[in-house]
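Working notes for the structure below.
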Amino acid sequence: MGAAAKLAFAVFLISCSSGAILGRSETQECLFFNANWERDRTNQTGVEPCYGDKDKRRHCFATWKNISGSIEIVKQGCWLDDINCYDRTDCIEKKDSPEVYFCCCEGNMCNEKFSYFPEMEVTQPTSNPVTPKPPYYNILLYSLVPLMLIAGIVICAFWVYRHHKMAYPPVLVPTQDPGPPPPSPLLGLKPLQLLEVKARGRFGCVWKAQLLNEYVAVKIFPIQDKQSWQNEYEVYSLPGMKHENILQFIGAEKRGTSVDVDLWLITAFHEKGSLSDFLKANVVSWNELCHIAETMARGLAYLHEDIPGLKDGHKPAISHRDIKSKNVLLKNNLTACIADFGLALKFEAGKSAGDTHGQVGTRRYMAPEVLEGAINFQRDAFLRIDMYAMGLVLWELASRCTAADGPVDEYMLPFEEEIGQHPSLEDMQEVVVHKKKRPVLRDYWQKHAGMAMLCETIEECWDHDAEARLSAGCVGERITQMQRLTNIITTEDIVTVVTMVTNVDFPPKESSL
């Protein structure tokens, strides 16, 4: 075969391969089914059109379980741009005995039929008789195979480069490799599918994602914020960190190469979002305020507590260092849970607390001693800083409560009325340290027995004297008593109770531990 003929044939092969790899239908439909359609408020079954970016491929998928020989479908629908699904016309699960079966394919309604064919190890026969081949067969084989391999490698390399460039923004080259991903309960399970960005913060963004038939939250850190990701993972991995009022941790993973790398933290997903977002759109009743405040206080009290002798080890006391309404999440029943441990400090016996740089956190929630740079670097000092911030979060709740006989304010952040939405460190020092101002407690709040008690508790949380502040456990007990007391008070009793508010038998005032 002449050189010109070989070149022409190679060009033909490349064009054919490009068409096979890059060519695909602009529209695709998949069979849709959702076993949890009532909970998710979707149709149970139907046909789902697949949408997505033009440069992304669209697939269909199916997940099912085999329960004692009975097939139970979990979900069917569209699946977006997964390399494991490329050029599969049939929906076939090949992994050996998975807990949940999963397959994906390309083509309209290709997930209507699905099957399970585990890959079997093929044994080589002891003898393999060679059949004679014509002499020109070897010439074609040795000529075409290298050309096809080269063409395939070039096309695949171009596609991977183009796809990767669009999928990931450029990041700085790290001075240190973050090392292998930590052990994760997610390893070995089906891949996550990112659905939508729910929040953006200082250390990355939070996605709503789907893991098989449940939603999870994925917090994605760029490599520059490796320290925050590592710290949060280490705190979640401490003994005793499973608690109703602390965000449930699922796993941590590293995605990408050593240069283009993202660090993932996977947790439970709560549709109501943060307390801040909830208060922007909703007012709360007295009972709702008490439930949110009590569960938030119990979560912080558990975080602050040093608990030896647990089954999985010793839980140290932990200071959050960034308590704010954005870092308190609400479950569907308005139970609060504490989130975001990127700045948290753990206090283990005989060990340094690590980087104890004082001025960290969100400016408007910084305690006076933090703003002054006059922190006593002891455990209790850090716990009292958390309690100052908790007082501000309680004020946010009070400002949106309907219990008092008066207007409910529009939602505002602490000190937003005094300083605005973007205070500088100097602004906060002037207002909080020098003028000793705090957010306004409305006069008409005092006319409601429970709100009057809450105002007193708030003032004791944000006291200028750190050692005079309440502990989180004490706040939780007080709120329980407030709710119990106000639920048995009649309208005629309110005036009497308000005059006696300072004599209520509250739990004894105590410091942060």
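Glycine too: its Cβ is placed from the backbone N, Cα and C atoms.
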(request) Please work out, from what Swiss-Prot records, which of CYS103, CYS110 forms the disulfide with CYS105. (result) CYS110
(request) Going by Swiss-Prot, tell me which one of CYS30, CYS85, CYS91 is disulfide-bonded to CYS60. (result) CYS30
(request) For the disulfide involving CYS85, grab the partner from CYS50, CYS78, CYS103, CYS104 as Swiss-Prot records it. (result) CYS104
(message) Labelled N-linked glycosylation site in Swiss-Prot - which residue from ASN43, ASN333 would that be?
(response) ASN43
(message) According to Swiss-Prot, the disulfide involving CYS103 connects it to which residue among CYS78, CYS91?
(response) CYS91
(request) Check the topological domain 'Extracellular' (20-135) for me and report the mean pLDDT. (result) 78
(request) Specify the count of other C-beta atoms within 10 Å of the C-beta of ASP322 (active site, proton acceptor). (result) 21
(message) If I take the Cα of CYS103 (disulfide bond) as reference, which of the recorded positions CYS78, LYS198, ARG200, GLY204 has the closest Cα?
(response) CYS78
(message) For CYS105 (disulfide bond), which of the listed recorded positions (CYS85, CYS91, ASP322) have their CA atom within 10 A of its CA?
(response) CYS85, CYS91
(message) For CYS50, CYS105, CYS110, listed as disulfide-bonded residues, tell me which one has the smallest number of other Cβ atoms within 10 Å.
(response) CYS50
